[in-house]
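Novice: The structure under discussion is supplied below as structure tokens; questions concerning it will follow.
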Amino acid sequence: MQEPGAAPDEVDGGTDVESRPEVAATVFGDRLPVAERYVAVLAGDGIVRGLIGPRERSRLWSRHVVNSALPASLLPADGRVVDVGSGAGLPGIPMAIARPDCAVVLVEPLIRRVDFLREVVAELGLDNCRVVRGRADEVVDQAGDADVVTSRAVAPLGRLALWCAPLVRVGGEMIALKGSSAEREIIEHADALAAVGLGDVRVETVGVDLVTDPTVVVRAVRRAGPARPAGPRRSPAGRRSVRRTPRRR
Ligand SMILES: C[S@@+](CC[C@H](N)C(=O)[O-])C[C@H]1O[C@@H](n2cnc3c(N)ncnc32)[C@H](O)[C@@H]1O
């Protein structure tokens with residue numbers, strides 16, 4: 001971790017860190033100092049350790065941290081939230097900062113990122129946040145039965161649905177931060193969503209009154225019934241498992 005007080009924008013001589021936008025105070029309230037510390041860590045260690053590109057330094061607040069925190073307004077009170085594919089902690093950490101009433105599990109398979117996440121959670125004192133190492137399909141026992149499963153920039157909607165549905169309780173939600181591809185992905189992956197019991201699928205834009213580039217999410221509700229597709233057995237990644245017939249001699 002970088003020493004408090006070090007100037008993160010001097011780490012590799014790149015662009016300056018974006019100054020904190022006024023909207024951050026609205027989004028984070030009295031948790032703003034924690035969000036500021038997170039931005040400093042991303043701008044320092046996050047870049048040095050290769051979890052964030054150096055060019056992102058000039059848009060850490062607007063494109064990453066505020067954008068990730070805006071859908072926190074969609075989380076239920078005292079919700080159990082699982083963030084799949086957290087990477088450097090997005091959107092899970094900004095959500096955990098903005099919503100201390102929620103318990104957030106960050107799921108990430110890569111050890112280098114997991115180490116970073118554990119250090120950040122400790123440094124920020126995020127008591128409502130824990131890190132679980134593994135792929136989404138491997139952590140159902142440790143992170144399942146969530147009220148909401150979030151994700152950002154992890155996979156196309158169909159594959160995401162396959163990974164997320166088993167982690168959501170019946171009646172809970174998948175909330176995928178998607179951007180401009182949201183409407184198209186809903187149409188393209190409608191069958192995959194239905195196959196894992198995700199219904200009431202819709203696109204919502206969050207933060208319209210607050211920022212010029214609001215966050216576009218896909219929301220879907222987990223219906224009763226199996227959260228895995230019927231039919232031929234599939235591997236967790238959604239590929240069909242092909243039974244190989246022994247070659248004839
Ligand atoms: C492009 S990064 C996005 C990271 C972060 N969500 C963000 O918006 O900056 C995708 C992340 O998903 C993780 N990932 C890939 N496959 C996964 C899986 N099956 N389950 C959980 N995480 C996965 C990767 O290790 C990586 O950290």
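For all residues, glycine too, the Cβ spot is worked out from N, Cα and C.
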Novice: Return the residue out of ARG20, ARG31, ARG152, ARG159 that TrEMBL annotates for the same S-adenosyl-L-methionine site as GLY85, LEU90.
Specialist: ARG152
Novice: Determine which residues of the same chain, besides GLY85, LEU90, ARG152, have their CB within 8 A of the center of the CB atoms at the recorded S-adenosyl-L-methionine site, and list them by sequence.
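Specialist: Other same-chain residues near the S-adenosyl-L-methionine site: SER68, ASP83, VAL84, SER86, GLY87, PRO91, GLY92, THR150, SER151, ALA153, VAL154, LEU177.
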Novice: If H, G and I count as helix, E and B as strand, and all else as coil, what does DSSP give for ARG152 (S-adenosyl-L-methionine binding site)?
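Specialist: The three-state answer is strand.
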Novice: As a test of the contact definition, list every same-chain residue at least 6 positions from GLY85 (S-adenosyl-L-methionine binding site) whose Cβ is closer than 8 Å to its Cβ.
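Specialist: The list for GLY85 (S-adenosyl-L-methionine binding site) reads VAL107, GLU108, ALA136, SER151, ARG152, ALA153, VAL154, ALA155, given in order along the sequence.
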Novice: LEU90, ARG152: which of these binding-site residues has the sparsest Cβ neighbourhood within 10 Å?
Specialist: ARG152
Novice: What is the biggest Cα to Cα gap, in Å, among GLY85, LEU90, ARG152, the residues listed as binding S-adenosyl-L-methionine?
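Specialist: Farthest Cα pair among residues binding S-adenosyl-L-methionine: 8 Å.
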Novice: Indicate whether LEU90 (S-adenosyl-L-methionine binding site) is helix, strand or coil by DSSP.
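Specialist: Looking at the DSSP assignment, LEU90 (S-adenosyl-L-methionine binding site) belongs to neither helix nor strand, so coil.
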